[in-house]
Amino acid sequence: MALDCLLLFLLASAVAAMEETLMDTRTATAELGWTANPASGWEEVSGYDENLNTIRTYQVCNVFEPNQNNWLLTTFINRRGAHRIYTEMRFTVRDCSSLPNVPGSCKETFNLYYYETDSVIATKKSAFWSEAPYLKVDTIAADESFSQVDFGGRLMKVNTEVRSFGPLTRNGFYLAFQDYGACMSLLSVRVFFKKCPSIVQNFAVFPETMTGAESTSLVIARGTCIPNAEEVDVPIKLYCNGDGEWMVPIGRCTCKPGYEPENSVACKACPAGTFKASQEAEGCSHCPSNSRSPSEASPICTCRTGYYRADFDPPEVACTSVPSGPRNVISIVNETSIILEWHPPRETGGRDDVTYNIICKKCRADRRSCSRCDDNVEFVPRQLGLTECRVSISSLWAHTPYTFDIQAINGVSSKSPFPPQHVSVNITTNQAAPSTVPIMHQVSATMRSITLSWPQPEQPNGIILDYEIRYYEKEHNEFNSSMARSQTNTARIDGLRPGMVYVVQVRARTVAGYGKFSGKMCFQTLTDDDYKSELREQLPLIAGSAAAGVVFVVSLVAISIVCSRKRAYSKEAAYSDKLQHYSTGRGSPGMKIYIDPFTYEDPNEAVREFAKEIDVSFVKIEEVIGAGEFGEVYKGRLKLPGKREIYVAIKTLKAGYSEKQRRDFLSEASIMGQFDHPNIIRLEGVVTKSRPVMIITEFMENGALDSFLRQNDGQFTVIQLVGMLRGIAAGMKYLSEMNYVHRDLAARNILVNSNLVCKVSDFGLSRYLQDDTSDPTYTSSLGGKIPVRWTAPEAIAYRKFTSASDVWSYGIVMWEVMSFGERPYWDMSNQDVINAIEQDYRLPPPMDCPAALHQLMLDCWQKDRNSRPRFAEIVNTLDKMIRNPASLKTVATITAVPSQPLLDRSIPDFTAFTTVDDWLSAIKMVQYRDSFLTAGFTSLQLVTQMTSEDLLRIGVTLAGHQKKILSSIHSMRVQMNQSPSVMA
């Protein structure tokens, strides 16, 4: 209250408190004691002012004597910090013309001077009388003078003049008045300075502020917000001008939340039951419905029990509650699909943002236990956040009981500690058509036909009667498609055009009808050139067959000769170093044998024999896509005469190469040119007759397999991953049958095209591993560099590379694929990897890896290389898995193979993490950081309470990412329960 009174006083006295007096002769009750010189000049007398008050004055009237120079000096005046001083003089002057017999030296003016000093330097005995030390302020002239008549009638014509001077810097000053022939009285002298008064403006207090040294000066005064007020935007300030007046303020203060303005000078606390949420609000408001403020100065009203306010609700909005459950559910079952419809909740909680979630549970026949539905179930328009009271659910299992919970939620459901209200409905699906075929593989192709195979649907839902194949040229559309049927999961499509790309789909049929067509996949028939090339490759087989007939006849003759002799002798057969083909004895066509290009005396001959020379004019280079050992790798186009233009990858040989580097570079083309398989990267040709030298291969849109998997973590099904592995194994089977050992089989050396077909590549590196000194993947061993993490132990120890060592590497590739590109053996050093393998430790199964696949990995990692499966056996095993997807349902665990010690990648110590950011970084899910924080999961304690529905709600939709995060949350929860202090 006292402060309020003070503020009111400051406002009321603002105008009156603008001048501070330093000296005023009107208040003197004794002699002023000023110094006059000469003594006959100025004289101090007592008199009366116009109001007949007694005053002390000085007068002088020596007008009858010429050459007057009368000085009057005040006492020392302390300036009290003022920079500019004002002097108010009240005086009377006799009109010279009213004086008889006055000489011409009579004056009606006088001069005002000042002298600035730090101390008293002039007294009556030691005064200085010269204009030199003084600074003249002005010559003072009377506006009115009086005559004898006025004097006789006692009419006092008093003049008042104000003069200012400055700036002053010393402690004080003297005033001096000079008379040089006037008849006058100095009635009073008031010396003062101006200042801007204390004031309250815009809820801020500004202190008294002296004016500046000049009349035009502006002095800044910083304001202080009154109690319970805060500055808004810029700091608040006022300018004090030379007249002691405040200028327009800059900035302002306003009452802070919980306080309202009172009389524009105070901020009063909001009473109980009211609130003020922001500085900008004018006054306190009553609490909205279902909320209260039990104490004063509340910035917000808290919700009553059972009511909540959403994060995005403003404070002035009423608190609301959660909705009741949906009503009157209707279900319509159609084979393995269902339509659910319902009525909105009877109580919406006072909100208009009610949405619905569908929780799907698949149950046993007796419904005693249920589990969440898998990710294959489809919801239209969606599973979570439905705005309409209707949903279509498909891809359910046939003849299976289901329970569906329909939850009603609104903007405050997440604030409630209780689960959302819901209504449940139990249904059982009927017989249904089979699910889709997951993938197709090309077995072979001719100019006029393509042979395909595929696994049966994951959910056959009965006995498969047959398959229907739909196909059409890619350049056309499905309205121009043709149909074919097959009783098995293999079909040969005839009557096709050479060199054309065909789009193919397949679907299965049961007694319930056809299932949906599979996804579209592209396959290509052979061109005329491809056919001729294949024919050339089979000529040795034809010649060999003819030779075999001759040999047979000769053999009969030889047998008769041998039988007629008592002894026979044998001699060693000589074989040509350049034997390229032989009949395998397994039927047509015969298998080619790989020829090492370095067995040629002239390696260029190998290039000419195995690689087709391409004119550089047929090649268009477009953009850099990488860098190889010998130069840059480009994406480009190849347009050969009579063929359509295709995308290609172009490896170039950098300038300044040596002849050895050129041979080494082209050796990869000599190797690649010998291979022809859908899962081996295809060589289009080489450019050697111009610069730069180029190796041209087919273009693989998705790049290296390891980085492709990391970019698509969790986005592929197990069947799709097994299909990729099957393609890699088929390519390696082909290489092993050609007696070619890859030596560097790894996911980084597998390329993926747009149809997810995986192809083995990088054939130049296997011979030159010892030349790579920069890549930490490769470690020195026996004078060379080998990729330790992918290499069989016998190859590390003795550099014994065989197809069996490639099988070991293939097992590592399997682990890379099933872990979506994780680094084998994680952050273990290469030496630690070698030691662990020598002690018979093997990699554990990746997360959610089927047990059958991990067992195949362990088979590939047998210490005895003769115990490892051959690539042909691996292909057969994977084909069985694809044909029987149920075999992939069992997930492997570390304890599943007690006879085989497995490396255990230790679970991170989650108790060491302090923030959600640290935890997400540790599990490599940092891309969801903003989603967690925005949704309010800002602490690890909150994270441990998350469910799969929470992950869906914040945007984690990939199944693999959900499983990875939920697994980590479970481990964190276990660790925190073991360390209760962490939960504090």
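Here the Cβ of each residue, glycine as well, is placed from N, Cα and C on the backbone.
Sequence annotations record features per position, and here Swiss-Prot assigns signal peptide to 1-17 based on sequence analysis.
Among the features that Swiss-Prot reports, domain 'Eph LBD' is placed at 19-201.
The DSSP breakdown of the domain 'Fibronectin type-III 1' (322-432), given as helix, strand and coil counts, is 3 helix, 52 strand, 56 coil. Swiss-Prot lists 322-432 with the feature domain 'Fibronectin type-III 1', giving sequence analysis as the kind of evidence.
The Cβ of ASN334 (N-linked glycosylation site) lies under 8 Å from the Cβ of ASN430, each of which sits 6+ residues away along the same chain. Marked as N-linked glycosylation site by Swiss-Prot: ASN334 (among others).
According to Swiss-Prot, the feature N-linked glycosylation site maps to ASN426 (among others), an assignment based on sequence analysis. Residues near ASN426 (N-linked glycosylation site) in space but far in sequence (CB under 8 A, at least 6 apart, same chain), listed by position: CYS363, ARG367, PRO401, TYR402, THR403.
What Swiss-Prot records for 433-528 is domain 'Fibronectin type-III 2'.
Note on ASN480 (N-linked glycosylation site): other Cβ atoms within 10 Å of its Cβ, all shown chains, come to 9. In the three-state DSSP reading, ASN480 (N-linked glycosylation site) counts as helix. According to Swiss-Prot, the N-linked glycosylation site annotation covers ASN480 (among others), on the basis of sequence analysis.
Among the features that Swiss-Prot reports, transmembrane segment is placed at 541-563.
The topological domain 'Cytoplasmic' feature in Swiss-Prot is assigned to 564-984; the stated evidence is sequence analysis.
Annotation source Swiss-Prot lists phosphotyrosine at TYR600 (among others). Secondary structure at TYR600 (phosphotyrosine), as computed by DSSP, is coil. Spatially close to TYR600 (phosphotyrosine) yet at least six residues away along the chain are ALA606, judged by Cβ distances under 8 angstroms.
The domain 'Protein kinase' (619-882) scores a mean pLDDT of 88 in the predicted structure. Among the features that Swiss-Prot reports, domain 'Protein kinase' is placed at 619-882, with the record citing sequence analysis.
The ATP binding site annotation in Swiss-Prot covers ILE625, GLY626, ALA627, GLY628, GLU629, PHE630, GLY631, GLU632, VAL633, LYS651, and the record cites sequence analysis as its basis. Secondary structure at GLU629 (ATP binding site), taken from DSSP and collapsed to helix, strand or coil, is coil.
As annotated by Swiss-Prot, active site, proton acceptor applies to ASP744. For ASP744 (active site, proton acceptor), the number of other Cβ atoms no farther than 10 Å from its own Cβ, over all displayed protein chains, is 24. According to DSSP, ASP744 (active site, proton acceptor) sits in a coil region rather than a helix or strand.
Taken from Swiss-Prot, the feature domain 'SAM' applies to 911-975, supported by sequence analysis.
If you look up Swiss-Prot, you'll see TYR928 (among others) marked as phosphotyrosine. Cβ neighbour count for TYR928 (phosphotyrosine) (all protein chains, 10 Å cutoff from its Cβ): 18.
Comparing the Cα of ASP744 (active site, proton acceptor) with the Cα of every entry in ASN480, GLU629, GLY631, VAL633, TYR928, these being the recorded positions, the smallest distance points to GLU629.
Using Cα positions, the member of the binding-site residues ILE625, GLU629, GLY631, VAL633 nearest to ASN480 (N-linked glycosylation site) is identified as ILE625.
Counting Cβ pairs under 8 Å to the domain 'SAM' (911-975), the stretch among 19-201, 322-432, 433-528, 619-882 with the most such contacts is 619-882. Within 10 Å of the C-beta of GLU629 (ATP binding site) there are 17 other C-beta atoms, taking all protein chains into account. Between the CA atoms of TYR928 (phosphotyrosine) and ILE625 (ATP binding site) there is a gap of 29 Å, rounded to the nearest whole number.
Same-chain residues that are not part of ILE625, GLY626, ALA627, GLY628, GLU629, PHE630, GLY631, GLU632, VAL633, LYS651 yet have a Cβ within 8 Å of the Cβ center of the ATP site turn out to be THR652. The Cβ of ALA627 (ATP binding site) lies under 8 Å from the Cβ of VAL633, each of these being in the same chain and 6 or more residues away along the sequence.
Once the Cα atoms of ILE625, GLY626, ALA627, GLY628, GLU629, PHE630, GLY631, GLU632, VAL633, LYS651, the listed binders of ATP, are compared pairwise, the greatest separation found is 14 Å. Counting every protein chain shown, 14 other Cβ atoms lie within 10 Å of the Cβ of ILE625 (ATP binding site). Each residue in the domain 'SAM' (911-975) gets a DSSP state, and the totals come to 46 helix, 0 strand, 19 coil.
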